[in-house]
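Report on the structure given below.
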Amino acid sequence: MQPSTGVVEAIILDVKDRERIGGAFLNTSAICCNHTLAETGSCKLGEVIFQKNVDNPNWPRVIKTDFAGTYEEAKLEADEIEINSNGMYYLYFMFCNPELKGTVINGRTVWKNPNGYLPGKMTPLMTFLGIMSLAYLVLGLAWFLRFVQFWKDIIHLHYHITAVIALGMCEMAVWYFEYANFNSTGLRPMGITLWAVTFTTVKKTLSRLLLLVVSMGFGVVRPTLGGITSKVLLLGLVYFIASEALELIEHLGNINDFSKKTKVFVVLPVVFLDSCFILWIFSSLSKTLEKLQMRRNMAKLELYRKFTNALAVSVLLSIAWIGFELYFNATDPLSELWQVAWIIPAFWTLLAYSLLVVICVLWAPSRNPTRYAYSEGEDFDEEGISLTTGDIANKLERNALVEDLEEDKRE
């Protein structure tokens, strides 16, 4: 018949006030109030110790729910809490009675910001996704006009670039719609999120494959990929599967669905495959540059040097940003810097877009496709290097180049 045989406290606090929970201000490490502390009047026996904020006496907010008599269930009545200052807020359910060990809490909490249901750290991302959607639209329009203008001089590589641009437009648009829907309804339908994740994974995979085939000189130094086509496709397929699993866990899994070890197990394959792409890309670029130097094709050589420089800069920026990201996450485990956290994923989107723009500029359709397109029996640059019948050394070099071309065709 006792009115309270145990109490569960729902405590809402700004992360900046986390030191107010527990007895730190009383020079004790205790979380729950004991007889000694209760006698001093600092807290109530059997309840969580907390210190009120002098500047805001109503915080931290504590909502108590009591178990009565021998009842094994207690209902927390619906309550609405108004928050008047920006911050990262947490909700904890805590109890001090050891008899309540194993208590299960069922229910839900609804968090809404002044501009909608989207969490504060995700709100800038919605604006960013809208801007990126327009950026991809502008790039797609410019590419389409160029494509139509010089449609007679189109090579296979141009179709690959078109596919990546189209996927980028779809990816940004679907993610923006997903965020806007979440902001207006407070719900994230699994179907929309699944489509957004899949678009992201397909675009990431095709973007890496595009960089790889461009580095191999596809359509520029060699007409086809030959025998390595199957290896390129296999790497792309494995990367798609690993990346899709990682993205699904990040966007569809609950916070406690996976342990840290499980997450590491899913992240490592993606990191390994990205490393394989980087090594293969730069290895292929080195061979392509070497072939172009042997053929004295100065126009294409200059084109690939610019591409190599852009790629090298992007890799260096990626390494630096990974270091910054690790430092950021290590020094901000409770998301106190939530207002600037959006720049972490935004950087990777900008970097991918920048690389795509570089490729579009370097390999844009033009009236002079031989500037970068492969042609039968090409040996030298467009300006031409003459060979005299009496120059034996040049003849031997020419024969070596023809043999090299035949080897490319066999591949």
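Keep in mind that glycine also has a Cβ here, set from the backbone N, Cα and C atoms.
Look at TrEMBL and you will find 124-369 tagged as domain 'GOST seven transmembrane'.
Nonlocal intrachain contacts for the transmembrane segment (125-145), taken as residues 6+ away from its ends with a CB within less than 8 angstroms of a stretch CB, comprise 118, 161-162, 165-166, 168-169, 172-173, 175-176, 179-180, 183, 342, 345-346, 349-350, 353, 356-357, 360, 364. Among the features that TrEMBL reports, transmembrane segment is placed at 125-145 (among others).
Here the transmembrane segment (157-177) has long-range neighbours at 126, 129-130, 132-133, 136-137, 139-140, 143, 147, 192, 195-196, 199-200, 202-203, 206-207, 210, 213-214, 218-220, 352-353, 356, 359-360, 363, 365, meaning same-chain residues at least 6 beyond its ends whose C-beta is under 8 angstroms from one of its own. For 157-177 (among others), the entry in TrEMBL reads transmembrane segment.
Residues or ranges marked as transmembrane segment in TrEMBL: 232-252 (among others). Long-range contacts of the transmembrane segment (232-252) within the same chain: residues 190, 193-194, 196-198, 200-202, 204-206, 208-209, 212-213, 225, 258, 263, 266-267, 269-270, 273-274, 276-277, 280, each at least 6 residues beyond the stretch ends and with a Cβ under 8 Å from a Cβ of the stretch.
Taken from TrEMBL, the feature transmembrane segment applies to 264-286 (among others).
Beyond the transmembrane segment (307-328), the same-chain residues lying 6 or more positions past its ends with a Cβ under 8 Å from any Cβ of the stretch are 211, 214-215, 278, 281-282, 285, 289, 337, 341, 344, 347-348, 351, 354-355, 358-359, 362. The transmembrane segment annotation in TrEMBL covers 307-328 (among others).
Annotation comment: TrEMBL describes 340-364 (among others) as transmembrane segment. Listed by sequence, the residues of this chain that lie at least six past the ends of the transmembrane segment (340-364) yet keep a Cβ under 8 A from its Cβ atoms are 121-122, 124-125, 128, 132, 135-136, 139, 142-143, 146, 157-158, 161, 164-165, 168, 204, 207, 210-211, 214, 303, 306-307, 310-311, 314, 317-318, 321, 325, 328, 332, 372.
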